[in-house]
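Engineer: Checked TrEMBL, it gives:
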{"type": "BINDING", "residues": "55, 148, 283, 317, 404", "note": "substrate binding site"}
{"type": "BINDING", "residues": "115, 116, 254, 318, 319", "note": "pyridoxal 5'-phosphate binding site"}
{"type": "MOD_RES", "residues": "283", "note": "N6-(pyridoxal phosphate)lysine"}
Ligand SMILES: *Cc1c(COP(=O)(O)O)cnc(C)c1O
């Protein structure tokens, strides 16, 4: 099917996500026909370097031979079985291996498909936990300014991104937001750690007043993705953990974007030396292959649901919970982490990306706040037009790189298979795009 027809058919029949469809009257969709390592290949044979891991999900490249092989084998063995009353090897092995990765601090895994569902589960579990303990008043949630935890109606309660929330505000039982420890907000002479302490003091003031009605604090550890790769000091997580303990509030770590090695450690929380009570994973956990999300919980939390009565149980389910194919993709992904010492090779990749960006944008008149944590890097472009993201994207595409700024923030989140040449192309493409956008 020639590409133009595919585009017309797509516009006629597919309602594309996060898109004002009318804008596609002027800006064509990009028909992707094949994936290969860090490349997406379009219908004209054009190769695009996937600088954002296809919306942050891809870890080891497209059509990774090892994940493909694992999936083929699983496909001929068991494609799906319900998980209520039944179990299977892939879900058990995945749960055991994830528990081991947390040092068995988070020993129970509850499964869903998308990130937002994991947020829903964590929020429901947190409130239900307190209810089971006889403290049914603890139903409130606290999140950071600029937080993003998904876009379903429940998750919007803790998502502080106006464009996603405003139209649905009447449907949402909004939680409280507390200041974000955004390192960019440091005033003269203040360090990122000082900013973290200042934000933690605000959290403390909030919890002091509201702890009796607060079930949980939910955070994106170290990097707030959707609000523009906002980075903050691990000290905030240490202080937040201590405050949650002191005020009897659960800590939920939404590692949907930052987990699976994105920030340099497998879990971002490791860099603060803390563990949450609930941890959400999705996106990269299946290598970017299949929708899979999960919530890891402590034994303490799990035990509060373990009883003789159904009403104390966590009565929540999704049809595809624990899907064997998705779990198998996740196991193949964890195999690659173990066999290739990925976190170590990523340290070199991240350092190189840092050097390349520093050379081009460190002193660039249109780049501010160049920042990096693990395999995420970003800078801000002051004084842009509202259509800057689209212009930058289009200019990047002309240079064979796929980059989609968030507002005036240009960011890089490449898959963990990019080599030095590809990282250089990404940095050069961004520089060329910035000149044009
Ligand atoms: C993407 C994301 C989600 C939502 O995941 P979906 O699969 O898109 O529903 C939640 N939290 C964070 C931090 C995310 O980046």
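A Cβ is built for glycine as well, from the same backbone N, Cα and C atoms used for every other residue.
What's the neighbourhood like for each of these?
Structural biologist: DSSP classifies residue 55 (substrate binding site) as helix under the three-state reduction.
Around residue 319 (pyridoxal 5'-phosphate binding site), taking its Cβ as the centre, 9 other Cβ atoms fall within 10 Å, counting all chains.
In sequence order, 55, 56, 57, 115, 256, 257, 259, 260 are the residues of the chain that are 6 or more apart from residue 283 (substrate binding site) and have a CB within less than 8 Å of its CB.
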Engineer: Go through the binding-site residues 55, 318, 319, 404 and pull out the ones with a Cβ less than 6 angstroms from some atom of ligand 1.
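Structural biologist: None, by Cβ distance under 6 Å.
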Engineer: On the Cα atoms of 55, 148, 283, 317, 404, which are listed as binding substrate, what is the maximum pairwise distance in Å?
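Structural biologist: Roughly 34 Å, rounded to the nearest whole number.
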Engineer: Of all the binding-site residues here, 318, 404, which one's CB has the most other CB atoms within 10 A?
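Structural biologist: It comes out as 318.
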Engineer: Rounded to a whole angstrom, what is the C-alpha distance between residue 318 (pyridoxal 5'-phosphate binding site) and residue 148 (substrate binding site)?
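Structural biologist: So the Cα of residue 148 (substrate binding site) lies 22 Å away from that of residue 318 (pyridoxal 5'-phosphate binding site).
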